[in-house]
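Q: Sharing a structure, written as structure tokens. Questions coming.
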Amino acid sequence: MHLHLLLILALFRAGCVVAGPSYSLSGSWRVSNGNGSLELPATVPGYVHSALHQHGLIQDPYYRFNDLNYRWISLDNWTYSTEFKIPFNLSEWQKVKLIFDGVDTVAEILFNNVTIGKTDNMFTGYSFDITNVVKDVNSLKLQFRSAVQYAECQSKAHTSYRVPPECPPVEQKGECHVNFIRKAQCSFSWDWGPSFPSQGIWKDVRIEAYNIAHLDYLTFLPVYDNASQAWNIEIKASFDVASSKSVGGQVTVAIPQLKTQQTNDIELQQEQRIVKLLVKIRKDVAVETWWPRGHGNQTGYNMTILFALDGGLKIEKAAKVYFRTVQLIEEGIKGSPGLSFYFKINGLPIFLKGSNWIPADSFQDKVTSDRLQLLFQSVVDANMNTLRVWGGGIYEQDEFYALCDELGIMVWQDFMFASALYPTEPGFLASVRKEVTYQVRRLKSHPSIIIWSGNNENEVALSVNWFHVNPRDMKTYIDDYVTLYVKNIRKIVLSEDKSRPFIASSPTNGMKTMEEGWISYDPYSIQYGDIHFYNYADDCWNWKIFPKARLVSEYGYQSWPSFSTLEKVSSQEDWAYNSRFSLHRQHHEDGNHQMLHQVKMHFKLPQGTDPLRTFKDTIYLTQVMQAQCIKTETEFYLRSRSEIVDGKGHTMGALYWQLNDIWQAPSWASLEYGGKWKMLHYFARRFFAPLLPVGFEDEGVFYVYGVSDLHKDHHTQLTVRLHHWSSPKPLCSLVNSSIVVKAGEAVVLFQMPVSELLKRCRGCTRETCVVSFYFSTDKELFSPTNYHFLSSLKDAKGLLEANITVNISQKGNVFVFDLETSAVAPFVWLDVGSIPGRFSDNGFLMIRKKLSVLFYPWKPTSKSELQQAFSVTSLTDTY
């Protein structure tokens, strides 16, 4: 706990200096359970589980079966308490407030044994007037109630009709009635995560004292005025006025780099607390706009806002302001029924390339700045430009959005409602209104957020009737849906933020959904809006099973994390694919079988006698399968951006499910818990490259498309090669040296019947050869070599067990792995166990005899440590 001038990291790591003191209560507290049998120190911000683990009272909650073993923690009622002395003279201040930025979730707050308020929503801040109860020495208690028990009680109180789903599927081993509490919906379990319905003070808590007035919030929105062809900034500030009299003053906004300074007179009263300003940017000053990654710079300008009020009060806020426009284009497409669905940033159509973000941990106090920055570096390194913040988790911390702004990562922001129906009692709706207002005001100044989405999959849940509600009752549920997402959430968003689009759900049909009364007849329509698509039964190498939709905001396949990640939370008896641990960790129904089903279509399952080797090989094959499946699907979406075929196409976004993991378990993630890259993430780095050749077959003809995110046409050379599996030396090459890849398009550059291709390369059959192809570009432009399999690899002939030798050397902070192979090696996987870092490439088809790969460590390591931990695997090693 410490005293400081008020410094709030509310927007863009901005600072706000106030004449009154701000005293942080973060730091060391005490926490005790319901019957008082446990009492221990606890850190705030933090969680009960974290405190128990830190003091050795429980193991790692993620170890083996501890999600079940420690269920008692979430069922108990815990109390956080602290005592503190006010380090300033209370008599000098008219008003004193106790402010919580986040309480998780249901608690009664006692200040000096006086109840000053209650909390029931994890997603909003709370402010309490303690002027009349604060003393020089004070006690503060938060008496938490079990979120599980609270949700059950709220559900039981809703007696008029059921609000499904009552409980999660049994595979998830979770708790019931999560839709009755405003808390991270995945905290009660999900099909990729555990049930840890935690309790704690998860964000900052502080005391603020002031005279005259206090700045409660401040937002700013740059808006481009088409009529005047100039930028304006809409600024809105809200004050708590302590004085009974009106308070006059001035506000000055300055942006030195844009030669902008504007001063306005203002007047505040207790009933008139809002200040609205329109700051006009000079037309003769060039404004550099903010661009998504890969399309330009993320230029921002330092802005100061100074409120000089009567009585000598000065409140200054410094922030970074970014200028950009966003449009969601829904209009007719020639040759296709329906409407387009794509985004324009600063007037330029942008293909969304990225993934879906889930909470990085069940316990947010573990998501440190370093950990967050490491995850974002992996996003950037994989050539992504978009993250969808999924609606079953949390509105992310301020640093998350600041990083998105700085790095050019667009954000598709869901509101936190997912895969469920929700009650619409007055109390629930009032809490949601506070939540939505709070979050929109907190986040709307971030240029990275390009769209608000009301929920995850709740429109389709009603349209398809996921929860088997009686058709006679469907109107009640539809009315509840419209009440919550349209009449409340949408109404608030449109009132608070007109700068970006809002859709009621994802997936949705956009404008078509509105026309159909907000529940579309077919939310999965590929002619409108966005879709979510999953298919675990059909062959994922067959691109024809995938929908040629306008934008695909979810799609994916599962895999297992690496053995080095699992080893930390398991014991030797767990190391088998069908062990009790493996079955327990799989929360998706039939998930383990579905992975093997896909693997068996194209690969041979391990047949070894060593159980541990078999387990490791199976893990490897699930990662190969996942990477190859999502490569095939993503490349289909990428090459569909510029074409309409049979009325389908104009795909302008591919966000695979999912980016990150919440714990160590099989999931759809490309990044394991702890940040290690799965094979899929290396594939994503390649298939999201700014210039990519994409190959596929249709009716016996082999095609190569050129897919470009570049802003200019690119003149290059395309080389197509055939290789025999037994030798890295290419059998033949076809070269076209006059290729033009169109800017921002996907176009056919090469086509040839496979039979003709094989004729030109004597000695090749579908089973004995593989195709590679690449653009010849300068070193500054990343354009990877791609490949196409002419048969399933389980049918490949001449595929030898490659002897791959490796020599490791060090150059500065980077390590060089020089590889040499005796034969073409599919899916070469370099692994250094638990040593944190990533390779420049991995999981690749090694078609050259020699290859150098770089390793970038995330922490200091040595050549000897790498040599000891290193292993290399290719496909034939699993036979």
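A Cβ is built for glycine as well, from the same backbone N, Cα and C atoms used for every other residue.
Values in this document were obtained by computation on a predicted structure and should not be read as measured data.
Summarising the annotation, Swiss-Prot assigns signal peptide to 1-19. Annotation comment: Swiss-Prot describes Asn35, Asn77, Asn89, Asn113, Asn226, Asn297, Asn302, Asn736, Asn803, Asn807 as N-linked glycosylation site. What Swiss-Prot lists as disulfide bond is Cys167-Cys176, Cys540-Cys629, Cys732-Cys761, Cys764-Cys769. According to Swiss-Prot, the substrate binding site annotation covers Trp190, Asp191, Trp192, Asn456, on the basis of experimental evidence. The active site, nucleophile annotation in Swiss-Prot covers Glu554.
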Q: Using C-alpha positions only, work out which of the disulfide-bonded residues Cys540, Cys629, Cys769 is nearest to Asn736 (N-linked glycosylation site).
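A: Sorting the disulfide-bonded residues by distance from Asn736 (N-linked glycosylation site), the top entry is Cys769.
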Q: Comparing the disulfide-bonded residues Cys732, Cys769, which residue's C-beta has the most other C-beta atoms within 10 angstroms in this structure?
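A: In terms of Cβ crowding, the pick is Cys769.
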Q: To the nearest Å, how far is the Cα of Asn226 (N-linked glycosylation site) from the Cα of Trp192 (substrate binding site)?
A: 46
Q: On a simple 10 Å Cβ count over all chains shown, which one of the binding-site residues Trp190, Trp192 is most densely packed?
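A: Of Trp190, Trp192, the one with the most crowded Cβ is Trp190.
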Q: Between Cys732 (disulfide bond) and Glu554 (active site, nucleophile), how far is it from one CA atom to the other, in Å?
A: 39
Q: Among all the protein chains here, how many other CB atoms are within 10 A of the CB of Asn89 (N-linked glycosylation site)?
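A: There are 10 of them.
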Q: Substrate site residues Trp190, Asp191, Trp192, Asn456: biggest Cα-Cα distance, Å?
A: 16
Q: So among Asn77, Cys167, Cys764, all listed as recorded positions, which is physically nearest to Trp192 (substrate binding site)? Use the C-alpha atoms.
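A: Answer for the nearest of the recorded positions: Cys167.
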Q: Cα-Cα, whole number of Å: Asn77 (N-linked glycosylation site) versus Asn807 (N-linked glycosylation site)?
A: 57
Q: An 8 Å radius from the center of the Trp190, Asp191, Trp192, Asn456 Cβ atoms defines the neighbourhood of the substrate site; name the other residues of that chain inside it, in order.
A: Cys186, Gly193, Ile358, Gly392, Ala418, Ser419
